[in-house]
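Trainee: Quick paste of what TrEMBL says about this protein:
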- D:GLU35, D:GLU68, D:HIS71, D:GLU159, D:HIS192: Mn(2+) binding site (BINDING)
- D:ASP59: Ca(2+) binding site (BINDING)
6 protein chains.
Amino acid sequence: MYLHVQRLINEIVPDEPDPAAANALQEGLGGQFGEMRTMMQYLFQSMNFRGPAGKPYRDLLQGIGTEEISHVELIGTTIAWLLDGSPRYNGKKTDPLDTPGAGGATPLSIALDHSNIHHYLVASQGALPVDAAGNPWSGTYVYNSGNLVLDLLYNLMLESTGRLQKCRIYEMTDNKTARSTISYLIVRDQAHENAYARALETLGVDWGKVLPIPKTNAEKFPEVKKLLDLGLQSKQYSFDLTGASEAGKIFRGMSPSKDGTELDATEQAPAGVPITIAEERFEEFSPGLDPELLALIQATADIEMAEVLPVFGPIPPSDPT
Amino acid sequence: MYLHVQRLINEIVPDEPDPAAANALQEGLGGQFGEMRTMMQYLFQSMNFRGPAGKPYRDLLQGIGTEEISHVELIGTTIAWLLDGSPRYNGKKTDPLDTPGAGGATPLSIALDHSNIHHYLVASQGALPVDAAGNPWSGTYVYNSGNLVLDLLYNLMLESTGRLQKCRIYEMTDNKTARSTISYLIVRDQAHENAYARALETLGVDWGKVLPIPKTNAEKFPEVKKLLDLGLQSKQYSFDLTGASEAGKIFRGMSPSKDGTELDATEQAPAGVPITIAEERFEEFSPGLDPELLALIQATADIEMAEVLPVFGPIPPSDPT
Amino acid sequence: MYLHVQRLINEIVPDEPDPAAANALQEGLGGQFGEMRTMMQYLFQSMNFRGPAGKPYRDLLQGIGTEEISHVELIGTTIAWLLDGSPRYNGKKTDPLDTPGAGGATPLSIALDHSNIHHYLVASQGALPVDAAGNPWSGTYVYNSGNLVLDLLYNLMLESTGRLQKCRIYEMTDNKTARSTISYLIVRDQAHENAYARALETLGVDWGKVLPIPKTNAEKFPEVKKLLDLGLQSKQYSFDLTGASEAGKIFRGMSPSKDGTELDATEQAPAGVPITIAEERFEEFSPGLDPELLALIQATADIEMAEVLPVFGPIPPSDPT
Amino acid sequence: MYLHVQRLINEIVPDEPDPAAANALQEGLGGQFGEMRTMMQYLFQSMNFRGPAGKPYRDLLQGIGTEEISHVELIGTTIAWLLDGSPRYNGKKTDPLDTPGAGGATPLSIALDHSNIHHYLVASQGALPVDAAGNPWSGTYVYNSGNLVLDLLYNLMLESTGRLQKCRIYEMTDNKTARSTISYLIVRDQAHENAYARALETLGVDWGKVLPIPKTNAEKFPEVKKLLDLGLQSKQYSFDLTGASEAGKIFRGMSPSKDGTELDATEQAPAGVPITIAEERFEEFSPGLDPELLALIQATADIEMAEVLPVFGPIPPSDPT
Amino acid sequence: MYLHVQRLINEIVPDEPDPAAANALQEGLGGQFGEMRTMMQYLFQSMNFRGPAGKPYRDLLQGIGTEEISHVELIGTTIAWLLDGSPRYNGKKTDPLDTPGAGGATPLSIALDHSNIHHYLVASQGALPVDAAGNPWSGTYVYNSGNLVLDLLYNLMLESTGRLQKCRIYEMTDNKTARSTISYLIVRDQAHENAYARALETLGVDWGKVLPIPKTNAEKFPEVKKLLDLGLQSKQYSFDLTGASEAGKIFRGMSPSKDGTELDATEQAPAGVPITIAEERFEEFSPGLDPELLALIQATADIEMAEVLPVFGPIPPSDPT
Amino acid sequence: MYLHVQRLINEIVPDEPDPAAANALQEGLGGQFGEMRTMMQYLFQSMNFRGPAGKPYRDLLQGIGTEEISHVELIGTTIAWLLDGSPRYNGKKTDPLDTPGAGGATPLSIALDHSNIHHYLVASQGALPVDAAGNPWSGTYVYNSGNLVLDLLYNLMLESTGRLQKCRIYEMTDNKTARSTISYLIVRDQAHENAYARALETLGVDWGKVLPIPKTNAEKFPEVKKLLDLGLQSKQYSFDLTGASEAGKIFRGMSPSKDGTELDATEQAPAGVPITIAEERFEEFSPGLDPELLALIQATADIEMAEVLPVFGPIPPSDPT
């Protein structure tokens, strides 16, 4: 069973809209090696897991899989930020809410030659479950052989490929919004590389000098370097509400990336940052309510709500990161 | 951000393996109107939501979307139970762990004419991200127009179609394992129908007598009736860890299903039931470890783990359902 | 612009339900060489046609394309007949309307091991836009190169392959419902083979003895032989309401099939037979109306309707076939 | 059974070629909510319809479905007009037939960075059965649950989404050719919204103020306003040749769009406008005939054709619109 | 550049037709981890290879990739053997050429409930480019990251998964035709596992005891054991006509499978066995020639052909295996 | 069984990188009528061939199919050449190996608005198994009806469509690298048109003046004209290592293209040209080895390899073309 906190797992840095960067990030969301895939793959591997003695391995898969849902939320929101307002953007956000399209105007003309036209025509300047070439996500991507060694090997390759592609996306754009999320995911992918590599080490493999994949030079990626300096590549949260996870039996000891750090699985989750709700876009008819319907919405929003009963506990009092 | 509890959202009743029933349930997992789709659709609608005044609607989508991830976990596990051990099942589970395939035997011959051959050939007697006809799940299923009325209308239709298909699956098999999950989802789909119908009522629609869809006779579905008697069709959990959800501003008042119940959004989550890990299946080479590798796994499992730090609170002391 | 007559293009002979035959016929509806494909291909070739001097060729494509829509209607209805009532069928249609599924029964259990489970789970015992292996119809099937010789060559191959597959389906089942439609389409496909072969003859090709493809022995297919004896393989209707079609400038002279008949394009359309509406299926929740809603439907059906104004003329006074 | 008139259902206004607009319109032809989909969906819902008492509903589906075929023809032809001649277009159509590609020239270089390259490489400057992002049309789009309320609800959502997307396309281009068809379809989609909303009203639903979806301001769309002033959003033709349609029992009374108009189903069909055949494009090898083959074509075109026998009546003597 | 020898890479043992086994083998041909995929993946990795210093790695990929084409040929032919004649098979092959389908008979009725109906309806009792669940092969399967370590890691996982699935297929059927090919491919997949594992060893990885994957017990698979005893799992042919391959610089030393054998890359190719051409199937209209056309074929076959000029050398005088 | 020579079937002329041309060429590699498709189609038609008397036809299919593998290799390599180095290309190749991406730079920014973004993000500036619109290759493309006349007719249409599309690609770009391969394939496609047309002539068809399709004017395509003057459109190599091919019994006599040449099948294979290995691309992390790993690679490359045993003969001493 899953629960949600109304917080993003990492901060998104504001910058100008950038539909081309948004489209590149779609690979990290809906691509063959993106977050929707890792999320689904680890969810299936957890459900179908065999061998009670392997619980620490199952818990490692479950914990990383839960993190991936938050990554879907993070990168999807980032893409939405990069698209939002792009049709009328001219360097600074003046007059963001004037009436679009009056009298036969073409406020969405940008859609014809930027990014993926579906971002404007279908998704209302929001994220789509597709890759950067527009291919929809497919269930054929999910790999779950039931053979533990094979599943771990595949997952190591999967995280490394995801990291490789994100390093390439980093080299495609210097938009700060895009890079804040891409850099965070490059580092978390390395943490997951470490997790699966370490799991294979417990079964006797010695990786020598081949990790991490790809070999990168931290100096080339300043935003990434900051996160590495914090040690985020060597930490794995449990994302487990009741302390039952045994993933820490695997994710411990020296990092297989041979960067001199020690693996640490003692935290439950990062504190995250608040989520905001995007503004209306009239040219998209989103949310598309006229004054009468808006009045009804407002009436609903003003109701004093019966408080939901918190079972699993209050918001964390302080940042545990 | 999402967290996980090592508990299933509802109990799965044990019964004999039944690969044909397992295959029918795949529609509810990976089908066009199954749980993977509702989960992804509401996740995207939450991320791309527009209009800060509409927060109660966003929170309703977010809460139901979070529940759907637990439904994926529930129905996926149910499918795995129905498949597990089916190749050697003969009415009672004698000798479940003897050596399969010795000397050229064919312990997986059942795969040639039962269910979906991929259940044995690819998924190791586990669930697959496909529908009952074997089509892989597709990102094209996700609908998110950005227009609030349209999204709510679509979601009402989606939940009703999911419920219609599950009522048909109920009529296909009386296997208790299959029915325990199908019946639970029929009732929860009705709760979600109520949620979206109620949201449209706040915008002025009057549904008359058309709900619920499909019209069903509780007496025909004894397992469903039990859950209706508990009022599960009129309750919506927040699945929100910090009490920030405003979904209760919508999910309140008399049920649009006109069954005389009142909608209730005051609870955070059901208590759930423990999850167990499936046994090994040697004929599938799952997990596929030989004695040497098993010894390594055992060594890992025996390590006294450093306790993870619970941030979001302890396991619930009592069943809030 | 298209208009419709509430008549089927050919008679469907009643017989027992037969879900396996229904599934085989899906290839003829939604398969790569089925009626949905021919319909769409000729529609696109007509819209995109180039060269005003080639109007007779365009009109030939347009006329055959219009016929294919009626073929979709015919084979789709045939599939629906073959599925309708199959769950409770036992040799004779006793008690077709008793209450299904009362008290936990499994009136749809047939779905687990017959035909395509989607016929019961998704399509309510009706036709689906898929092929006999369950693959959905795809726009990639449509061929329209814009090169006249190539398009004609492709169309000849397409009709021949459709006819080949229907001959194979004929050999799979002797259900009279299935065969009445399959036999009709085998003969009409040959008429279309003749049309495209003849069009290539006007451009100088001589087919020698290779037509028709496949070579068949009429004695082996008694239902087909009856239609051949009527000359249906050598007739092409215009399906044109205003007499503007010039297809007859091509479809004339001796048949390229070298069967001694002469091609004839002088008729507008066959008379067709009345269409009936299928009964309710309670176990499918179709149409799924309870007594209150049924009363509303009945009230609608009883209204004396304002007569629509017939522009294109009255129902044909007699059978022109 | 279907028949054809060699007339387009609405006039296409001439303007410059515009491959980017052509590509945007592909969504309205081959997209998930485009005309190929509505056409196929209603055709399947008509064939598989259950419940003889519901004939007026079946006839409504059948009539709208028939109109959609003409919409496919209209938008497909519009796309072809927008593409035709675009490689050599420079503001005015001088010298449209000079020899392209002589001596190694690159007359199709436009294809490398405009529109969808398949428009030039595959479709010979014609329409394709794909959406604006290049995805081929898929049979998975067709929804037909067999449950009447659900099918109507889906169709209402489908028409509204189609109309939403067309409003967005309107805002992307001011090409007159594109807008003449887009504006017409925006209005006809609203007529179909009205049809399905009205059908649900007969079953007891009250839509309040939520229709039409999306909420639009007629002043913003001048071309649309002209058609609304003619009342085209409140008229539904029967497209039935023999006066058997009972759709008018539903499509009557005040419009659910609450615009003060009354629904009217008394006409059979609009008069339409003549269809012309496109010119040759030598750089596409279309139709690709050399002088010898052209002479053969001409010989065929000159033959005095035996008149086809009009069964369903003559061309309408006057415009019934 | 590629050349062909009219010989199969391994012998297929004759046995009864078995369409269910044929269908299972389709996974090994057109499945996500089948021979079409390995063939295409290594072909792309060879074409796109980067780094002249890595020629031995490129040559290893090229050599294995060439072998995979022969594996496609082998398993495709095996499937065709298993299907050929199955409609009329009754324990022994009596009367294989009598007239099928005379007078309305149903010689293809087996297609309705065996195997994949497309084997009879589309492929004329031959192999299809699809997997065992009927999904067509897809270009999305091909993995080629351009990162050498990742590509090798993926290939190791790919071969291991292919071998895992073939071990499962072995356990599904004891048909000798099916098993002769499956057993051969299980052993060759292990040879390729060894090749990629060895390549990673040259880069510093130590596999410990995890190879081969899956762990198998040779005694359980008697047909496999025979081939292992011949050492086929430790041999890699160059399939290179001019002796330029440097793959042997990698494929040497002790086997990573730790079975005590030494890797050997000194041979060019196995000798193979002759290929035969299948008989006609009249019920499939294959090849579908009538007496007149057969006479023309015979005339062609009887012509004394001008000998082709052998450039790359004669047929091998003796078996080099 | 297949063997490989480390030579390309035709020379690729060097020119500037050109990602747009590379993308257009993808249609010829992974498109519905590209080389991957012809290769697979003829391979399946050869494996599933029926009728021992038809061996010359089988051998013709086998020989052309083998050639198509070399065409995949040729066009794939051409695409890789056109992409390689394009991110840093500025008219002349200065400084091709300086360090990309240092300190947050964007060396891959070209990917955002050129070609297919996957060429940089996924394929490391290499070829992909997709078409020019980004659709992955699909097994549904393969046509193999088992009916000889139909298969030959389809193949004639397939080669003609491939040639038509390549003529259109020729008109899109004058990049010499692109044109050298496109022109060669235009001529080879005509040779294959001739092969299938001739095979149908042996069965009695007379093509009149319709071949070749499309009709082209050699003067318009100078690079093509050079190859036609060499007679390459009338030559078919056997690609058979042991002289067993009987394809020459069909591919003989006057060309069906009516260009006055005589068909010639007496040669085994062209001599081809050497293949080179592409340089590293650091910005793609390809091959992604750091100095330590490079040293290991170098050690491997320096080993004196045990010579492989050439069975099928030495490299050809001279050019047999």
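Using the three backbone atoms N, Cα and C, a Cβ is placed for every residue, glycine included.
A quick note: this is a predicted structure, and the numbers were derived from the prediction, not measured.
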Trainee: Given D:GLU68 (Mn(2+) binding site) and D:ASP59 (Ca(2+) binding site), what distance in Å do their CA atoms have, once rounded to a whole number?
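Mentor: Here the two Cα atoms lie 14 Å apart.
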Trainee: Determine the minimum-neighbour residue: among D:HIS71, D:HIS192, listed as binding-site residues, which Cβ has the fewest other Cβ atoms within 10 angstroms?
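Mentor: The binding-site residues D:HIS71, D:HIS192 were compared, and D:HIS192 has the fewest Cβ atoms within 10 Å.
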Trainee: Hey, what's the Cβ neighbour count for D:GLU159 (Mn(2+) binding site) at 10 Å?
Mentor: 25
Trainee: How many Å lie between the Cα of D:GLU35 (Mn(2+) binding site) and the Cα of the residue listed as 'Ca(2+) binding site'?
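Mentor: About 19 Å separate the Cα atoms of these two residues.
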Trainee: For the recorded Mn(2+) site, whose residues are D:GLU35, D:GLU68, D:HIS71, D:GLU159, D:HIS192, find every other residue on that chain with a C-beta no more than 8 angstroms from the centre of their C-beta atoms, and list them by sequence position.
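Mentor: Going along the sequence, the neighbours appear as D:THR38, D:MET39, D:ILE64, D:GLU67, D:GLY162, D:LEU185, D:ARG188, D:ASP189.
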Trainee: Can you tell me whether DSSP puts D:GLU159 (Mn(2+) binding site) in helix, strand or coil?
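Mentor: Once the DSSP labels are grouped into three classes, D:GLU159 (Mn(2+) binding site) ends up as helix.
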Trainee: According to DSSP, does D:HIS71 (Mn(2+) binding site) fall in a helix, a strand, or coil?
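Mentor: Assignment for D:HIS71 (Mn(2+) binding site) reads helix.
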Trainee: Give me the long-range Cβ neighbours of D:ASP59 (Ca(2+) binding site): same chain, 6+ apart, Cβ under 8 Å, in sequence order.
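Mentor: Those within reach of D:ASP59 (Ca(2+) binding site), by Cβ under 8 Å and sequence separation of 6 or more, are D:SER238, D:ASP240, D:ALA244, D:SER245, D:GLU246, D:ALA247.
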Trainee: Could you find out if DSSP has D:GLU35 (Mn(2+) binding site) as helix, strand or coil?
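Mentor: Once the DSSP labels are grouped into three classes, D:GLU35 (Mn(2+) binding site) ends up as helix.
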Trainee: Can you see whether DSSP assigns D:ASP59 (Ca(2+) binding site) to helix, strand or coil?
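Mentor: D:ASP59 (Ca(2+) binding site) sits in a helix per DSSP.
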Trainee: Let me check the 10 A CB neighbour count of D:GLU68 (Mn(2+) binding site). How many other CB atoms are there?
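Mentor: For D:GLU68 (Mn(2+) binding site), the 10 Å Cβ neighbour count is 24.
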